[in-house]
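**Student:** Sending over a structure as structure tokens; questions will come in a sec.
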Amino acid sequence: LHYAPIATISYWLPSKTNASRESLKMEPLADCSLLPGEERIIDKDIIYICPFSGALKGKVFITNYRLYFKSADADPAVTLDVPLGAIGRVEKMGGASSRGENSYGLDITCKDMRNLRFALKQEGHSRRDIFDILFKYAFPLSHGLLLFAYLSQEKFEENGWSVYKPMEEFRRQGLPNDKWRVTFINANYELCDTYPTILVVPFKATEEDLRKVCTFRSRGRIPVLSWIHRENQAVICRCSQPLVGMSGKRNKDDERYLDLIREANGTAKLTIYDARPSVNAVANKATGGGYEGDDAYQNAELVFLDIHNIHVMRESLKKLKDIVYPNVEESHWLSSLESTHWLEHIKLVISGAIQVADKISGGNSVVVHCSDGWDRTAQLTSLAMLMLDSHYRTLRGFQVLLEKEWIGFGHKFANRIGHGDKNHADQDRSPIFVQFIDCVWQMTKQFPTAFEFNERLLVTILDHLFSCRFGTFLFNCERARDTNELRSKTVSLWSLVNSDLSFYQNPFYTPESNRVLYPVASMRHLELWVTYYIRWNPRIRQQQQSPVEQRYIELLALRDEYLKKLEELQLSDSSPNSSHLSNSSTPNAASPTQHITHLHTPF
């Protein structure tokens, strides 16, 4: 399937900017209407060096939100609509004395798997103004400007900030209870500045215990409950690595605290899943970190899941980008894909989450961590919860999962994505969240009826991970969001999504409340997400909706039509004038309903 990015889909709004156009003395923004709060900065005649169609003359428009290009001489016209937040790097190409046609211009590297090249005339530093403006507005934080989310004036029917209420979510899980309690010790972020304010901890653990454990966990990220199994009361807890160091330090409070987690549902041995390869965990001792040794944690078993760190994932995605954009080399495709190791990493993440979910299903509690507990840990806990809890597979439940496990527990979105920051070579950048969404997509492919949302939602989430149009994925943690008044000054992505739920619904969805999903984490069952990674290539056939999905939607519409007619017939039957009809009805009068229910039958 091919979907235009949501950035393109959402903007065909009636224009209200005629007055400003006159005052700015600029051409109208082609076919693209501005968002409320979006302002035009510059337009310029330019040549787009399209990797698929060659050099195209046209005009580029830059606003405080996007770069928009429309060709003048191609039929049909080629357009680009790129949120400035998706730009990772802007470089000058060639010099004033460069030889060769179209050798002088700009080279733009995007975070969404594409690169853009523009050429300009060589006389009179013709690119200086557009380079300076693009550099300034693509990286506003590096220039003392606000991110666009703070300038946007969009209004939606729904307030997406109200999607996730921590206490409501814990109550849905059956918490607090006689084994687990809610603590507000972190209400002012004093215990841990990267954790949320509301935490669930063992009932027997005192506030003083929590403070002592905090000193022995990296960044103060103590083990806290993420999810509890309603029947067997096994829990998923998440945290960061213990500060063991080279000397093999021990902490009795930490050891006792993990035993309280184990005791809460009578687990014989607490399983600690360390996301890292064991070699890395040992190496971390040199920087004061480490792992839970057998001698200190005698009632626990430690399992390493061999998932590599943020740097390995960054390089892997770079290699993937090289083989999918601009050209896909058919002849060596499989070996090229294998050399990126991207699907191998996907496999290890899914495989780790399956182990967590399986252990919980068997009634055993687990603790999950990596080094700091905000990258691989979030991948593992949220995927395991997606497998175990059908609520998270609904449209709104999935939003809650992201708000809770990623946004609430401090995945460093600002550092990993680099919102508004010009430092493209920053070693903190990494596609950890992109990789997680890919894992979710793999699950939706293996269980096509288990998820209420469709692929379009996942693409939309990734587009707005970069766009800076919404506040949802900005900043590193809740404390930073509070400081920057995010919820009162920006709009949530879920406001957009929940104002048009039908656009993101999977027509094949069949609710099953207690089903645990175990995807197959085998290379034979994993595939490259073409619709996302190769969507910019027009040579990849831009198929319409799959025929099966299209037919299913038609059948659902037909069913609704029949049900409506049936309702009308029943209403007319019950009116006084039609009493003779109802008297003459036979026991088979209900048969239309029976015919209707057959349309419910899933394929």
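Numbers run from 1 along the shown chain.
Just so you know, glycine gets a Cβ as well, placed from its N, Cα and C.
So TrEMBL lists these for the protein:
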ACT_SITE  Cys370  active site, phosphocysteine intermediate
BINDING   Asn309, Ile310, Cys370, Ser371, Asp372, Gly373, Trp374, Asp375, Arg376  substrate binding site
COMPBIAS  573-585  compositional bias 'Low complexity'
COMPBIAS  586-596  compositional bias 'Polar residues'
DOMAIN    26-94  domain 'GRAM'
DOMAIN    316-466  domain 'Protein-tyrosine phosphatase catalytic'
REGION    573-603  region 'Disordered'
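Relative to the rest of the structure, where do these features sit?
**Tutor:** For Cys370 (active site, phosphocysteine intermediate), the Cβ neighbour count at a 10 Å cut-off comes to 28, with all displayed protein chains included.
Residue environment of Asp372 (substrate binding site) contains 19 other Cβ atoms, counted within 10 Å of its Cβ in all protein chains.
On the 0 to 100 pLDDT scale, the model's mean across the domain 'Protein-tyrosine phosphatase catalytic' (316-466) is 97.
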**Student:** Neighbourhood of the substrate site (Asn309, Ile310, Cys370, Ser371, Asp372, Gly373, Trp374, Asp375, Arg376): other residues with Cβ within 8 Å of the Cβ centroid, in order?
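**Tutor:** Apart from the listed residues, the neighbours are Ser240, Ala275, Thr377, Ile432.
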**Student:** Across all chains shown, how many C-beta atoms besides its own are within 10 angstroms of the C-beta of Asn309 (substrate binding site)?
**Tutor:** 17
**Student:** For the domain 'GRAM' (26-94), give the DSSP counts of helix residues, strand residues and coil residues.
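**Tutor:** Across the domain 'GRAM' (26-94), DSSP assigns the residues as follows: 3 helix, 39 strand, 27 coil.
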**Student:** Compute the C-alpha separation of Arg376 (substrate binding site) from Cys370 (active site, phosphocysteine intermediate), stating it in Å without decimals.
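**Tutor:** For Arg376 (substrate binding site) versus Cys370 (active site, phosphocysteine intermediate), the Cα atoms are 6 Å apart.
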**Student:** Taking the Cβ of Trp374 (substrate binding site) as reference, which residues of that chain separated by at least 6 in sequence fall under 8 Å from it?
**Tutor:** Thr194, Arg221, Ser240, Phe409, Gly410, His411, Lys412
**Student:** I'd like the number of other C-beta atoms within 10 A of the C-beta of Arg376 (substrate binding site), please.
**Tutor:** 29
**Student:** Across the listed substrate-binding residues, Asn309, Ile310, Cys370, Ser371, Asp372, Gly373, Trp374, Asp375, Arg376, what is the farthest Cα to Cα distance, given in whole Å?
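**Tutor:** Largest pairwise Cα separation, rounded: 12 Å.
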